[in-house]
Each structure stands twice: as C-alpha cells, then as structure tokens.
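Inspection log for the structure reproduced underneath, given as structure tokens.
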Amino acid sequence: MEKIVLLLAIVSLVKSDQICIGYHANNSTEQVDTIMEKNVTVTHAQDILEKTHNGKLSDLDGVKPLILRDCSVAGWLLGNPMCDEFINVPEWSYIVEKANPANDLCYPGDFNDYEELKHLLSRINHFEKIQIIPKSSWSNHEASSGVSSACPYNGKSSFFRNVVWLIKKDSAYPTIKRSYNNTNQEDLLILWGIHHPNDAAEQTKLYQNPTTYISVGTSTLNQRLVPKIATRSKVNGQSGRMEFFWTILKPNDAINFESNGNFIAPEYAYKIVKKGDSAIMKSELEYGNCNTKCQTPMGAINSSMPFHNIHPLTIGECPKYVKSNRLVLATGLRNTPQRERRRKKRGLFGAIAGFIEGGWQGMVDGWYGYHHSNEQGSGYAADKESTQKAIDGVTNKVNSIINKMNTQFEAVGREFNNLERRIENLNKKMEDGFLDVWTYNAELLVLMENERTLDFHDSNVKNLYDKVRLQLRDNAKELGNGCFEFYHKCDNECMESVKNGTYDYPQYSEEARLNREEISGVKLESMGTYQILSIYSTVASSLALAIMVAGLSLWMCSNGSLQCRIC
C-alpha cells in the first residue's frame, strides 16, 4: 500500500502544471565580437560598416561631375589648347583629375600656391568666365605673337587661351599700367604670369629691355616679380620657364598691373557664381551615367550605414571613413537554441540569466516570454511589453552610438582640412595617425556596447523571471532552470494571469499549501519506510552470514579438517 501511495505521488509530481521563462532563438548565424568573446552568434545584428561601391563616377544628387579627362586643373584654368572642351563648363558637383594628366602646363614652369587653389576649388561649384582685359586692347605690344611650339593646336604653335603673352612691338616695350575694377557682386579668380628666359639674348629679343619687373597690387596683395634668367635643360623643347600666380579679387576692389617686360597678362577671369561643398578627386574611373549621394575615388556608395572603409576622401552625404574591416552591433540576444544545451558564459557586466540553458525557437513573436504546460495543453507566448521596451532601448542605443561617433569623426575631418593647407608634407602621416586612433575608438566602443547589449538582454530575462517568482511565492517550486512547478492546478486563465501580472496568490494558496504538505508527508513516509527496510535488510544479511559460517564450521569438524574442542 505504501509503495502504491509513493508511486502515485511521484506520478502526480511529474504531471504538475509548469510555467517557464525564456528567450527567443532562431536559425541566425550572425556573429558579433564583445570585450570578452569573439564570434558570438546572436539572433539579430546590425552591420554598420559599408564595404561595397559601384566602381563608377556618378552624378551627385543629380549634378554631374566635372571630369577633366586628360587635363589638369592648371591646364583647364589657364586654357591649355588641348583642353578646349572645358572653355565653358556648367555647374559641377565635384572635379575629377587623373593622377598624371597629359595636358598640364604645356609651356614648362610652375603654378604658385597650386594646392591652395585646389583647396579653394573644393568650395566652388560653378565658374562663369568673363573677359577683363581684351586681347585687342594691347595696341603698343604684340598680343598675338606670344605663342610656343610647346602648346600646339591643329599642328601650329599656340598658347594658353585665358592669358596673353605680351611681346615687344616695333623694337619697344613701353611700360604697362593697367587696372581692373571688380564691379561684379561675386568674387573673381584672376590669373597672370611671368616668363623666365633662358639667356640675356632671349630677354632682349622678346622684351627689348634687359632689366624688367612686374608689379601687382590689390587691397590685400603687394607683389613685385623679376625674371630669373638662367640656362636650363629643355622641357617640351623649351629652355625658358613660366610661373603663374592667382588671386581672389573681391567686389569693388581693383587689381593694378605694372610691367616693362616678361608679363603674361590676364584676358579672362573666373566669376565665382556658386559656392558649396565640392572636391577634387584623383581617379581614373569612367563616368557611369548614374546618381548617388556619396562619391569616392573608388566609386559611388549608396548606403545608410554610418561607416565605410572604401576611401578616406568622399564628397556628399557619406558614411564616415574608418580602417576597420568589421563593425557589427548586436541588437538581439545570444542565439543559443535549447537543443544545443550549451552553458552560457557570463559577460563583463554580469550576465544574470545564465541559469536558463537555451533559447526557444518556437517563440517567434518576441524576444522574451513564457512556455506553459497544463491539462489544457502547452504553448509559447511572448512578453510584448518587455520586448518592446528592449527594442526601443537597443534602437536608441544604436542611434546614440552612431551619432556619437559621427560627431567625433566630423570634428577630425575639419582638422584635416586645416592640416592640408598648412602642413602639406605632414598631412598624410597625421591623417593616418588620426584615422588609426578613431578606428580604434570605434572598434572599442562597438565591443563594449555589444557586451552591454547582450547583458542587457540577460537582465531583462532575469527581471521577467523575478516578476513571476514574486507573484507565485510558495505556491510554486523553482526548478532552477527558469521554470516553476505549481503546487496547484493552473488552467489557461491562471497561466494568463501570471503572464500579465494579475496572478491572485490568495486564491490558490490553500490548495498549494495542502498539496505542498501532502508531498512533504509522502516524502517523510517514504523516508521512514526506506529506513525500516534498510534495518531489516541489514539484520537479515548478518543472520544469513552467521548461519553460513556455523554450517561451514560443522562440516569441517565432521571431516577432520577442523578440530573442535568443547570446554
């Protein structure tokens, strides 16, 4: 009878109603890195590093780039005869120049403050070319004879289209005094130059005067140039050199020229009609007849990700450049399906749901929730309130991280612009150093936040567990695996009250108390039964052993193997 009671009690315990707290799992293979671990598989992750581009030059927000093809910026602005297709250009979004364009300064020489001029162009989107000193106005000088075989056009000697090389006329070079007043509302880009002859004979042949000068003045510029006569190696068939200069003439300001020789005078100037974000990109790519919001020298990027690792130079609404190969933010939970039965590792910030052995693939409508079983059946149900709060929290965290890192990189970007102007030789090293630091910061922040996110999910599971535990109290038993075993019958309505936090503890406490006491009594009774059986077994075993020893002794005495003496 006692055995039957014990068996029934055990069966009753096995079939008790249960509710378990757990978390979502799926078939995801997405992995993230944390401070403590690498390649942690998670249910959801967000890649924040763009690695792809289209390999083409594209329009930027519908505006075409100015692709200089085989011409350099200097060749375009001065008017190299081989760059006639760029005499008048429409508005551009950015400028593309090859690394070594063939059509640069056709007459050998130098362009003063060339990098500074390029920097200026990175803030301009449109020029309008205007004539400021007509070529025909030089009546006392030869304005058409200043040509060179170094600048051919249609097989004949020619010269830059936008400046005039003035030569002596009738064996005389009268002193030039010319002024131009900028009556426009826009700034003007004005270019001029000086010719450095090969020897004194060339000097007098071209300009008559053996000693010459060029003076240029504005409200902000005071320049005096003299030719440097020297024997030089030939470049493009020329031993002479030309040096070009530029300035920005503000509205209502005037530029004054004075010279008695070697003067390369401006004919055209560029009215800056539109300023804005632009760039000069070194690229060999072809135009792709496409549109983008972000362009790099490697190709266009069309992405909403906050970072990319394609090229540090960009134009448009672009992700921020880092040197990383991988930046992935965890947005979901550790993906540990229950069937794997792997022990969860605790994180740096104290993961506290490690007692739950695995996630549920059957729960698909939330991150955290319940699994119940009773006489009416079993099933999964997500806790939507905690899931939504977690989603909002993770989303806000991701956005905060992105905004935080964007602000840092924008600040560095402005510093790089200043370095490019002032410390050109150190710019590359400084740029690499800053990028190394900010890349490290971005990677470290992602690792830290991934650790926090995973522990945040663990904490949410533990909070849900505590919510149930505080409701049930001693009406149920904690099984240690995230589950509770009821001491009373809990139908679907009862289960629902536990899930939504309205469980009525007093309603079930009496039934739970009786069942708890009955189970405790069965345990005590079964323990007493086992103690009696144990004593009986011990006595019986000892008696059987004594009988065997006595029988063996009598047998040995009867056959003489053992001598028995009775005193």
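Backbone N, Cα and C define each Cβ position, glycine as well.
Since this is a predicted model, take the numbers as computed values, not measurements.
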Annotated N-linked glycosylation site residue, as Swiss-Prot has it, among ASN181, ASN559: ASN181
From CYS483, CYS490, partner that Swiss-Prot gives for the disulfide involving CYS494: CYS490
Of the candidates CYS71, CYS83, CYS151, the one sharing a disulfide with CYS106 in Swiss-Prot: CYS151
Selected from CYS318, CYS483: Swiss-Prot disulphide partner of CYS294: CYS318
Reported mean pLDDT - the topological domain 'Extracellular' (17-531): 87
ASN302 (N-linked glycosylation site) and ASN27 (N-linked glycosylation site), distance between Cα atoms, whole Å: 29
Densest Cβ neighbourhood among ASN26, ASN39, ASN302 (glycosylation sites), 10 Å radius: ASN26
Candidates ASN181, ASN500: member of the glycosylation sites with the richest Cβ shell (10 Å): ASN181
Spatial neighbour of ASN302 (N-linked glycosylation site) that is closest, considering only the glycosylation sites ASN26, ASN39, ASN181, ASN500 and their CA atoms: ASN39
DSSP three-state assignment for ASN181 (N-linked glycosylation site): strand
Local backbone state of ASN500 (N-linked glycosylation site), from DSSP in three classes: helix
Cβ packing number for ASN27 (N-linked glycosylation site), 10 Å threshold: 8
